[in-house]
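> Please see the structure below; I have some questions.
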Amino acid sequence: KVFGRCELAAAMKRHGLDNYRGYSLGNWVCAAKFESNFNSQATNRNTDGSTDYGVLQINSRWWCNDGRTPGSRNLCNIPCSALLSSDITATVNCAKKIVSDGNGMNAWVAWRNRCKGTDVHAWIRGCRL
């Protein structure tokens, strides 16, 4: 599913991401834009053999199990396929674990490069939340 900007913002808010660990909703929407273009079915293979999955491009080396990543830790205890659903519950629950891991949202390269230090509120402007 390719989410609309405000549609994804509303779903993320409903799942408790707004100000989770101090990151406003705009940060999460911005990250999703530049990680997946709001596409829940996005997958991208990495040079180390791992794959990133879903709207927040969660990585199979650490966070989920896709059955083909050597040495996968599966710290979210989920199949990576769960991260491709139009229901973002699994994605949000895993993202909460990732953002609590010590590096905050710096875990997302796209957030670090394209959202951090910018006016992220713009990503939820005009949304009825």
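Backbone N, Cα and C atoms are what each Cβ position is placed from, and that goes for glycine too.
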> If you follow Swiss-Prot, the disulfide involving Cys6 connects it to which of the following: Cys115, Cys127?
Cys127
> Pick out which of Cys76, Cys80 Swiss-Prot lists as the disulfide partner of Cys94.
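Its disulfide partner, as Swiss-Prot records it, is Cys76.
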> Need the cross-check against Swiss-Prot: the disulphide partner of Cys80, picked from Cys64, Cys115.
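Swiss-Prot lists the disulfide between Cys80 and Cys64.
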> What are the DSSP helix, strand and coil residue counts for the domain 'C-type lysozyme' (1-129)?
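Counting residues by DSSP class gives 52 helix, 14 strand, 63 coil.
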> C-alpha of Cys80 (disulfide bond) to C-alpha of Cys127 (disulfide bond): distance in Å?
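One finds 30 Å between the Cα atoms of these residues.
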